[in-house]
């Protein structure tokens with residue numbers, strides 16, 4: 001058993017992560033600390049993926065009891081470990097949200113999801129996608145009805161309660177004629193839809209999905225997803241469909257039933273029938289509902305999905321089982337064998353800077369703070385954000401340049417960080433294991449010089465050739481402040497950020513020097 005005791009906050013985090021990777025065959029790591037940072041989870045994951053087998057126990061005095069995480073034998077493959085319990089200790093950490101964002105999944109539009117379901121023989125309302133008002137009118141004519149639904153195709157929840165940047169309200173509307181479909185499509189397409197999930201910026205609507213309106217006799221919720229706790233797929237079902245499942249979980253948790261699926265057996269007839277009966281399908285619809293559940297699981301497995309969410313799954317007045325709305329997400333690691341699915345990626349629904357960074361091999365996620373972060377390694381990046389938060393600051397981004405912190409990568413990283421007008425300081429935190437610190441320093445100096453950057457840069461370069469790096473930065477004459485201690489570097493980042501923000505607020509210039 002290897003036991004490491006933390007006396008400070010994150011000052012030893014990068015060292016722990018590196019030591020985990022150095023473990024040869026197997027590791028049992030016990031951590032006793034007062035940390036409440038989700039960084040610990042990332043370090044544990046780093047440890048697990050660096051060993052052939054790993055049993056991890058985390059003991060936090062701030063928690064009511066020890067949290068035990070055990071990883072199964074991976075036999076040469078990456079070990080997966082259970083996630084931390086949803087304790088209050090982690091709720092306020094800036095990286096709790098980040099961990100969810102980092103799960104790289106592809107989301108596709110509703111009409112694409114309907115196409116996938118239809119290809120497996122699952123019932124969906126009849127309809128098609130339109131990219132302009134004329135197409136919307138033609139599709140409405142083909143449906144041959146006077147009762148339809150038009151839905152803005154934006155990758156966000158809460159569309160029905162959202163509003164467009166032109167003042168038009170509602171991303172999901174009922175229409176009664178082809179002409180009305182054309183008019184509403186004109187109001188939606190080309191405009192940004194703002195919902196509770198998109199934030200104030202909203203997301204562009206490039207198309208609308210027009211479907212026949214079906215009247216549900218009963219509405220249910222059903223999802224197939226991966227559960228990190230049980231390390232396998234589960235089916236989550238609720239008799240209260242057609243509404244926000246988070247609300248149901250909060251107000252009536254007993255209405256949600258979770259069924260674990262054995263990946264070797266799949267969803268058996270008995271299991272699927274039991275779920276259909278628990279939901280409350282009528283006797284004449286149970287068999288069709290059973291078949292639908294099994295087909296959804298088949299899609300989940302064959303298409304490398306990470307989540308299939310049907311809300312509502314409906315029994316109509318004429319006793320049909322239909323998926324009225326579907327959200328499908330897929331594992332980005334499966335893009336090589338799911339080429340058709342991944343050709344549907346809509347980058348207009350993603351942050352442009354994050355797309356640009358991903359194309360260059362950088363892991364970049366925007367946050368709401370004002371201290372830019374440039375770090376190598378995801379664990380150290382999250383620890384950096386945590387220590388900024390602990391010192392009263394707010395990180396503006398997560399940016400992991402990985403092991404290839406080349407001058408080109410640093411240039412792009414600075415372009416991404418400085419494109420955010422909120423950024424008032426930049427914290428560069430590099431552990432020079434694979435890369436040399438002096439090479440990083442040269443690239444950093446070149447970039448700051450070429451950009452004529454006035455935003456203060458705090459550089460903490462530790463590892464190979466760190467002394468040479470420190471000397472290069474100090475002799476550059478640029479406003480780059482080389483600081484060895486992580487806590488001190490974080491404090492200075494927060495202090496510089498506050499001063500720059502105050503100066504901007506009163507519209508004055510500010511220059512910095514350190515008394516070193």
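Using the three backbone atoms N, Cα and C, a Cβ is placed for every residue, glycine included.
Note that the structure is a prediction, hence the values are computed from the model and not measured.
For residue 159 (ATP binding site), other Cβ atoms within 10 Å of its Cβ number 24. Annotation note: residue 159 (ATP binding site) sits in a helical segment as assigned by DSSP. Per TrEMBL, ATP binding site is recorded for 151, 158, 159, 160, 219.
Sequence annotations record features per position, and here TrEMBL assigns Mg(2+) binding site to 311, 325. Residue 311 (Mg(2+) binding site) counts 22 other C-beta atoms within 10 Å of its own C-beta, drawing on all protein chains shown.
Taken from TrEMBL, the feature substrate binding site applies to 376, 433, 434, 435. According to its DSSP assignment, residue 435 (substrate binding site) is coil.
TrEMBL lists 114-342 with the feature domain 'ATP-grasp'.
The shortest Cα-Cα distance from residue 159 (ATP binding site) to any of the binding-site residues (311, 376, 435) is found for 311. In the three-state DSSP scheme, residue 151 (ATP binding site) is classed as strand. Around the Cβ of residue 219 (ATP binding site), the number of neighbouring Cβ atoms within 10 Å comes to 19.
There are 25 other CB atoms within 10 A of the CB of residue 376 (substrate binding site), with all protein chains counted. For residue 325 (Mg(2+) binding site), the nearest neighbour among the listed binding-site residues (158, 434, 435), judged by C-alpha distance, is 158. In space, 158 is the closest of the binding-site residues 151, 158, 219 to residue 376 (substrate binding site), judged by Cα positions.
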